[in-house]
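The next block holds one structure in the form of C-alpha cells; read it before the comments.
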Amino acid sequence: MKEEVKGIPVRVALRCRPLVSKEIKEGCQTCLSFVPGEPQVVVGNDKSFTYDFVFDPSTEQEEVFNTAVAPLIKGVFKGYNATVLAYGQTGSGKTYSMGGAYTAEQEHDSAIGVIPRVIQLLFKEINKKSDFEFTLKVSYLEIYNEEILDLLCSSREKATQINIREDPKEGIKIVGLTEKTVLVASDTVSCLEQGNNSRTVASTAMNSQSSRSHAIFTISIEQRKKNDKNSSFRSKLHLVDLAGSERQKKTKAEGDRLREGININRGLLCLGNVISALGDDKKGNFVPYRDSKLTRLLQDSLGGNSHTLMIACVSPADSNLEETLNTLRYADRARKIKNKPIINIDPQAAELNHLKQQVQQLQILLLQAHGGTLPGDINVEPSENLQSLMEKNQSLVEENEKLSRGLSEAAGQTAQMLERIILTEQANEKMNAKLEELRRHAACKVDLQKLVETLEDQELKENIEIICNLQQVIAQLSDEAAACMTATIDTAGEADTQVQSSPDTSRSSDVFSTQHALRQAQMSKELIELNKALALKEALAKKMTQNDNQLQPIQFQYQDNIKNLESEVLSLQREKEELVLELQTAKKDANQAKLSERRRKRLQELEGQIADLKKKLQEQSKLLKLKESTEHTVSKLNQEIRMMKNQRVQLMRQMKEDAEKFRQWKQQKDKEVIQLKERDRKRQYELLKLERNFQKQSNVLRRKTEEAAAANKRLKDALQKQKEVAEKRKETQSRGMESTAARMKNWLGNEIEVMVSTEEAKRHLNGLLEERKILAQDVAQLKEKRESGENPPLKLRRRTFSYDEIHGQDSGAEDSIAKQIESLETELELRSAQIADLQQKLLDAESEDRPKQRWESIATILEAKCAIKYLVGELVSSKILVSKLESSLNQSKASCIDVQKMLFEEQNHFAKIETELKEELVKVEQQHQEKVLYLLSQLQQSQMTEKQLEESVSEKEQQLLSTLKCQEEELRKMQEVCEQNQQLLQENSAIKQKLTLLQVASKQKPHLTRNIFQSPDSSFEYIPPKPKPCRIKEKCLEQSFAVEGLQYYSEPSVAEQDNEDSDDHADEEWIPTKLVKVSKKSIQGCSCKGWCGNKQCGCRKQKSDCNVSCSCDPTKCRNRHQNQDNSDAIELNQDSENSFKLEDPTEVTSGLSFFHPICATPSSKILKEMCDADQVQLKQPVFVSSSDHPELKSIASESQENKAIGKKKKRALASNTSFFSGCSPIQEESH
C-alpha cells in the first residue's frame, strides 16, 4: 500500500557568500541587498525575488542546517524520500555549504557543511528510536563528462558496468553501483572522506578548488519494528553537490578543463529545461528527463516522490551580476515545481507482484526491440561519361596494384641481397683479420731464393719454397681485397641510383600494401646508402691506419730527439742561472767589471742557444701532436663505423619485422575475403527471395493504383473549386499585405537593434569591470608602498606629478601617495556607479517576459510570413557572405598546401646534396692523408740533409767563436769607459742644478741650459740668433733637456723690472744663430694645434694634464688646470727642500707681506703676447759642446738669449699693476 499526500512545492533556500579577497582587490561592489525579517533579496534597485529561506553573508553553517535541512531529516524516518540540492555559479560556495571537502579531523569545527551534520543527526535519531531496527547503506557517485563514476570503488573499470534503470514502482535505480552497509557514524564519514578524495577537482581562474563533476551522496534507510517484522519503511536521502555553471572567458579554461566545463553546462541546461517544464503548466506533461544522466538521476527529486530542498548559492559581486541573476531566476522557477512524496511501504507480496510485472514488461520491450524492416535499394544507372571514368579508374587501379606488387617483390629481393652482402662482408672481415696475421708473420722479408741456393738440406729447401709460394698468395689476396673494396663502393652507388630511379607509385585501393611496398623500398634505399658510406669510412680508416704505422718509427725518433733537446735546455738553463748569480755578485764588486762583461756576453750567447733549442723542441712536439690527432681521428672513424654497422643491423631487423607484419596482415585479409564471399552468397539468396515478394506486392499495388487514380480524378475537381475560392481570398488579403510587411520589417529592425545594443552594453560593462580591476590593483600597490615607506613611481596611471613632488622629502612623498590613492579611489567609485547603472539598464532591458512579449506581437499568419520573409532575406545575405569568406579560406589553405609540398621537395633535395657533400668530404680526407704521408717521407730526407750540414758547419763555428771572444773583451773595456763617462755627466748635471738654485736665491738672473721643445709635427723654422762675440761653432754631440729651466721664467723678479731699459738695449745687439733639430725621443708633452679635446692629444691619451713642456696653444688648450703655475711653484719648492726654501710670491699673509697685490685678470692681448713669447722660447734650439765643462759653456753661450726672453715678459708685466696678470686667475672664496 502507498499512502498518497497532497502535492507540495520544492523548497528553495538562497545563500549569499561574502566577497572574497580577489573580488575585494578588483574593487567589486555588492549588488544584492536583503530585506530585514523577510525572505526577500533585491538585485540592483528594484528587481526583487522571494524564496522560502534567504541567508545573507553573515549567516553561519549551523543556522542554515537547522532552519532549512533539519526538517527533511525528520521526514526521512517517516518513510519519505528527501533531496538536498546545491546549485550555483562556480566559486559561489556550493561545496562549502554541502561539506564536500569534509575530513574526520574537522569533526568539531563549526564550519562543517550539510552532509556531515546530516550524518550526525541521522545517527542521533537512530539511537533515540530503540524499538526499530535500522539498516543503512551508503553510495557515492559522480557524473564526470556525462559518465557515472563510482567514488567508493577503487578501480575505475567498473564505471562501464553502471547503468540507470527505471522501476515504475520504486523509481530510478542504479545498477552496478557500490553500496556499503554502515553501522556507526564514523563508517559513514570514512565513506564520505573516501569519495571526496576520489572526486575530480581542478583549478580555474575563478576557483582554485573547482569541482569538475556533479556528486550525489545517497543514504538508503530501511527500518523495521522489532515486534512486527512485516511492517517496514524504506527511504532514501540524496545529498547533491552540483558543479557550478561557468563561462570560459572568466575561467580561462583550456583543454580538459574546457571540455569539463562544456559538459557541466550541458547537464545544468538539461536540468533547467526540466525545471521549466515542471513549473510551466502550458507546456503539457512531457518533461525531458532523458536528455542527460543528471536529470534522470534527479527524476524522483524533481516532480516525483521526494521532499526536495534547493540551496541556491550566489556571489554578491557586481562582476558576477549576470550569473547571479540567472541563478535567482533558476531558483524562482524551481519553486513552481510540485512534488508528490509518499510513504514507502514494502510488503513482500507487493514486491513479488511488482517483479513479475517487470519481467513481463521487459519481455515485451525485448520483442519490440527485435522487430524492424529493411529499406529498399534505389538503383541509379550511371551516365556514359561516368561509366568511362569508372573504367579508366579501374584500369589505373589494376595497374597500380601490379606495380605495387612488383615493387614489394623487388624490395624483398633487395633485402635478401643486402643481407647476403652483409654476411659476405662479415666473412670478408674475418679473412682480412687472418690475412693481417699472415702479413705480420711475413713482416721480416728475407731473400728466400738466395737462401735456397746456399742451403744444402733438401727438406729445408722444400719448406722455404713453400713459404715463397705462400708469400705470393698473400700478395694476390691483398690485391683482390682492394679490388673488392672498390667494387662494393661502385655497386652501392649503382644500387642507389636504381632505387632513386624507380618510378613513384600512385595511391592504390589497397593502401596498406602500397605503404608496405614504399616502406620496404625506402628502407632498402637507406640500407644501400649506409653500405656505401660504410665502405668509404672503412677505406679511409684503413688508409689512416697505414699512415699511423709509417709514422711510428718517426715518432720514436722524435721522442728521443725531444729528450735530448730537453736535457740540453736544462743544462744551458743551469749555466745561465749560475752566470746570472755571478753577475749579481760582480755588480757589488767594482774590480770584477771585465769578468762580469765576459759573463754577460756568455749569458746572451746562452739565451740564444736556449731559444734555438726551444724552437727545435716546439717543432718536434708539433709533429708528435700531428700523430696524436691522426690517432684520435682513426678512433673516431672506427667508432662511427661500429655505429653504422649497428644501424645497418637494426634496419635489417626492422625490414624483417615489417615483412612479417605484412604477411600476417595479408593472411588475415585473405581470410576476411573468404568470409565476405560466403556472406555475399547468402545475401544473393535473400535478394532473390525479396524480389519474389516484391513481385507479389507490385501486383497488389497496381490494383490499388488504379483505384487511387479514380479517386484522384474526383479530388482534382474538388481542388479546382477550392483554388478558385482561395484566389478570391488572396486578392482581398494582398491589399493589406504591403502595409503589414512594412510594419513587421520596422518592428523586427527595432528588435534586432535593441538586441545588438544590449550586447554592446554587455561588452562595455565587461570593459568597465576590467578597468575597475586595474584601478583596484593600483590602489592596493600604492597602499603597500605607503606602508613600506617607498617613494611613489615616476609615472602613475591617469595622473602625472611634477619633478618636485616625486623627488621631494619624505613628507612630500607621503602626501603625493595619499593624493594618488584619493584620486584612484574617486575613479573607482565612478566606475562602480557606471557599472551599477549599466547593470540596472540591462536588467530592465532583459526582463524575463521580454521573449514572450516579443513573439506574442505576431498574431496572424500574414505577420509571421512577412517576418519570416524579412529574416530569410537577412539570412541569405549573411550565408552568401560566409560562403565568400569560406571560399577565400579554402584558396589560402590550398596555396598553403602547395607551399608545404614545395618545402618538402626542397628538404629532400637538401638531404641529397648533404649526402653527396659528405662523400666528397671523405674523398678529400683520403687525399689529405696521402699528402701527409708524402710530406712525412720528405721530412725524413730533409732531416738527414740537415744533419750532414750541421757536421760540416761545426768546424767553421769554432773558429768564429774564438774571434768573437776577443771582440767581446774589447767591448767590455769600452763599456766600462762609457759607464765612467755617464757617472761624470750625472755629477755635472747635479752641480748645474745647485748653481741655478743659488742664483735664484740671491736674486740674480739664472744662467741655465735652455731646453729644446720642438713639436714633432711642427715645421722647422730658422730663427736668426743674437750675435755673440768670438762664438765658436761646435758640433752638437749631446742634447740636454730639463723642465726646470722653464719654471724660473714664469715669474720675473722685481730687480728684473728695474733693469728693463738695459735689457731693451741688449736686445738690439741680437745676432741670429742656426737652430738644431731635436730628435722626437727627447720631447715630452703634446704638440697639438687644436683644443686638446680628444684622445689624439698625447697627454689626454695618457690620462695626464698638459703642462709647460707641451707645445700646444695654452689659450686653446682645454686639458690644463687653472692652478698650473701654483702647482709648478710648489714642485720647485719641494725639489729644493734640501738646500733652502723659496716662498711663494702669490701667497699673501697678514703682517708679513711687503706689498698688497691687486686682484686683476689679464687681458686677451697680454695673454696672447705671453704665449707667443713662450712659444718662441720653446722653438729656439741650443748648441751644446762636448768640452771638459759643457754645462758652463752652455750657460755662457745662452746668456744673451735669456735676456731677450726676459725683456718680452717684463714688457707684458709692466702694462699691468701687478705681476699676477700673467698667472691664471684664482677664484676667491666668499666668506
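Placed from the backbone N, Cα and C atoms, the Cβ positions cover glycine too.
Database features (Swiss-Prot):
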{"type": "BINDING", "residues": "G88, Q89, T90, G91, S92, G93, K94, T95", "note": "ATP binding site"}
{"type": "COILED", "residues": "351-1000", "note": "coiled coil"}
{"type": "DOMAIN", "residues": "9-337", "note": "domain 'Kinesin motor'"}
{"type": "MOD_RES", "residues": "S395", "note": "phosphoserine"}
{"type": "MOD_RES", "residues": "T800", "note": "phosphothreonine"}
{"type": "MOD_RES", "residues": "S802", "note": "phosphoserine"}
{"type": "MOD_RES", "residues": "S811", "note": "phosphoserine"}
{"type": "MOD_RES", "residues": "S816", "note": "phosphoserine"}
{"type": "MOD_RES", "residues": "S1224", "note": "phosphoserine"}
{"type": "MOD_RES", "residues": "S1230", "note": "phosphoserine"}
{"type": "REGION", "residues": "1001-1231", "note": "region 'Globular'"}
{"type": "REGION", "residues": "1189-1212", "note": "region 'Disordered'"}
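When each of the recorded positions Q89, S92, T95, S395, S816 is scored by how many other Cβ atoms sit within 10 Å of its Cβ, S395 comes out lowest.
Counting only the Cα atoms, the space from T95 (ATP binding site) to S816 (phosphoserine) is about 45 angstrom. When the alpha carbons of T90 (ATP binding site) and S816 (phosphoserine) are compared, the span between them is 40 angstrom.
Here the binding-site residues are G88, G91, G93, and the one whose Cβ sees the fewest other Cβ atoms within 10 Å is G93. In the structure as shown, the Cβ atom of T90 (ATP binding site) sits within 10 Å of 24 other Cβ atoms. On the 0 to 100 pLDDT scale, the coiled coil (351-1000) averages 73 in this prediction. Here the C-alpha separation of G91 (ATP binding site) and S395 (phosphoserine) works out to 66 Å. According to its DSSP assignment, G93 (ATP binding site) is coil. Of all Cβ atoms in the shown protein chains, 26 besides its own fall within 10 Å of the Cβ of K94 (ATP binding site).
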